[in-house]
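Q: Take a look at the following structure, please.
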Amino acid sequence: MNITTALPLPTHLLSEKVTAPLLGARKIYITGSRQDIRVPMREIALTPSSARYGGNENLSLALYDTSGIYTDPQATIDLACGLPRLRAAWIDERADTVEAALYFKVPESVSVTAPPFPTAPRPRRARDNVAVTQLEYARRGLVTPEMEFVAIREQQRREQTVENLRGQRHAGDAWGALVGTPITPEFVRDEIARGRAILPNNINHPESEPMIIGRNFLTKINANIGTSALSSSIAEEVEKLVWAIRWGADTIMDLSTGRDIHATREWILRNSPVPVGTVPIYQALEKVGGHVEALSWAVFRDTLIEQAEQGVDYVTVHAGVLRDFIPLTASRLTGIVSRGGSIMARWCQAHRSENFLYTHFEELCEIMRAYDVAFSLGDGLRPGCIADANDAAQFAELEILGELTHIAWNHQVQVMVEGPGHVPMHLIKANMDKQLAACGEAPFYTLGPLTTDIAPGYDHITSAIGAAMIGWYGTAMLCYVTPKEHLGLPNLQDVHDGIIAYKIAAHAADLAKGHPAAQARDDALSKARFEFRWQDQFHLSLDPEKALALHDESLPKEAHKRAAFCSMCGPQFCSMKISQEVRDASSNELSDGNTNTNDAI
């Protein structure tokens, strides 16, 4: 192995912009039944209402937090050491894994332009004939520390939050999901055992904080990062990781296709508190020089084991792109738009053979269960434009993904299923309905969908519309789209804009489903707005810094943050100020009426 550059990731590259606590937030930890279960949350302390509004205390709000230790001022951050190995003791206690001989080593002949991670741990794998998946544990009736961690995280101090809701909580329509059920460790276990949720935690990624993906839980979002052959570096991608989780990415997919894929992934995994997904076919193709015809099952198998040893938590596998389905795409306007799907279609044609990922699927399962890597069954034939939505090719593949889901479950492997794509609004619900029927309620994970094709540069908006809808119908995780979609590799600002758009979509979906704690944040912000508690409004926002900046563009003085108006209406035309005056007058009239009545008596 020939290393040609110095360490690219000094700690100082993570600026305060990336690591400082979010405005108005405090990192807190809630301890579970054992001292090493410490669940992070972001607490927003609220100011009291003024005397005019009752003078009451406003209780703090605990919010779901994905940022890891990076926003904890007490934490020491050193990218070269990686994050604390949060789950290492839990994995050891189960005594069902062994230290494995390193399966993959970078060949001496390969020129590496970035150094390996300096303290990479030895990989572990399952003991012979043992499955070490959360699905296996759940089916055995075992509630793991990971499951308890998830239950506390999803519950979000729900009892306190719901009790303090000021307004009426809307019931919502969950389309058959169980969103009102209290989230207990036993509920988490049962959902995983039924295959309706996954807890993606590779035994070789002990740094990850357990989270869950399923339609009976909070709607999650994924952010894609990764180097390309033309731009970006390991340093930039690690910074994108930290930036993405700061704003709320629940998982990360490393879609690197350039040089140093192995090293890039190692740096990301060792510094990621959220699950990391990949598409192994990209690296497999790099190994054969980019020649699709040279791909083989053996190359893919070795690549999958390499990534499992590093700690990848879930992998996209395009095993549903069958040879017989390829002609169904011939009449499409944009053909096959999935990179992985197009690679496998080309391989099938070149070899006049069936997709090796399909024919070797049970062998894939045996690898996955030895590390607890979850399947993200790829929709290689997803529609790439509105014209191709809901066509025969898309739904033929979906039926195969349903078959593969049940095969994976038989091997105790966790599964979620990927979905489109580009779909007009009136066709979105059919996608959710067909997936639930074909895939036995396995979690659905969709890219958008984009609801129109006319807005390059704004596809984070066109897709967030579809994401909110399909999230309401039951999609468990939404893959973000950035403004750079179809145009280029996203930078930090693009990542931020994509995540905020998708946090809005996910939260809107949770509100529509009637998630018990979802409305609490809306009510708290609305109350702060009506009472002109400007700082609380900023702090409760998805993007506090932007809310503050936009307010201060026209009213920058500190006194303006106590004013009962904004620059939109000014002091004379503020509807909320006038509404309060109406309320005060009505209260006085009622009081006067009561007094007069008493006097008459």
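Positions of Cβ are set from backbone N, Cα and C atoms, glycine also.
Since the structure is predicted, the reported quantities are computational estimates derived from the model, not experimental observations.
For Asn224, Met253, Tyr282, His318, Ser338, Arg339, Gly340, Asp379, Gly380, Leu381, Arg382, Glu418, Tyr445, the entry in Swiss-Prot reads substrate binding site. Look at Swiss-Prot and you will find His422, His486 tagged as Zn(2+) binding site, backed by sequence analysis. Taken from Swiss-Prot, the feature [4Fe-4S] cluster binding site covers Cys566, Cys569, Cys574, and the record attributes it to sequence analysis.
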Q: Fill in the CA-CA distance, Gly340 (substrate binding site) to His422 (Zn(2+) binding site), as an integer in Å.
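A: Answer for this pair: 17 Å between alpha carbons.
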Q: Taking Cα atoms as reference points, which of the binding-site residues Ser338, Gly380, Arg382 is nearest to His422 (Zn(2+) binding site)?
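A: With Cα distances computed to His422 (Zn(2+) binding site), the winner among Ser338, Gly380, Arg382 is Arg382.
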Q: Given the binding-site residues Gly340, Gly380, which one's Cβ is surrounded by the fewest other Cβ atoms within 10 Å?
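A: If we count Cβ atoms within 10 Å for the binding-site residues Gly340, Gly380, the smallest count is at Gly340.
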Q: Where does Tyr282 (substrate binding site) sit in DSSP terms: helix, strand, or coil?
A: helix
Q: Going by DSSP, is Arg382 (substrate binding site) part of a helix, a strand, or coil?
A: coil
Q: Across all chains shown, how many C-beta atoms besides its own are within 10 angstroms of the C-beta of Ser338 (substrate binding site)?
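A: I count 23 other Cβ atoms within 10 Å of it.
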Q: DSSP three-state call for Ser338 (substrate binding site): helix, strand or coil?
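A: Coil, per DSSP.
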Q: So among the binding-site residues Tyr282, Tyr445, who's got the most Cβ atoms within 10 Å?
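A: The residue with the most neighbouring Cβ atoms within 10 Å is Tyr445.
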Q: On a count of neighbouring CB atoms within 10 A, which of the binding-site residues Arg382, His486 is highest?
A: Arg382
Q: Looking only at Cβ atoms, how many others are within 10 Å of the one on Asn224 (substrate binding site)?
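A: Around the Cβ of Asn224 (substrate binding site), 23 other Cβ atoms lie within 10 Å.
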Q: How many whole Å apart are the CA atoms of Arg382 (substrate binding site) and His486 (Zn(2+) binding site)?
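A: Distance (Cα to Cα, whole Å): 15 Å.
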Q: According to DSSP, does His486 (Zn(2+) binding site) fall in a helix, a strand, or coil?
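A: Assignment for His486 (Zn(2+) binding site) reads coil.
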Q: Looking at the binding-site residues Tyr282, Ser338, Gly380, which has the shortest Cα distance to His486 (Zn(2+) binding site)?
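A: Going through Tyr282, Ser338, Gly380 one by one, the closest to His486 (Zn(2+) binding site) is Ser338.
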Q: What's the longest C-alpha separation between any two of Asn224, Met253, Tyr282, His318, Ser338, Arg339, Gly340, Asp379, Gly380, Leu381, Arg382, Glu418, Tyr445, the listed substrate-binding residues, in angstrom?
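A: In whole numbers, the farthest two Cα atoms are 20 Å apart.
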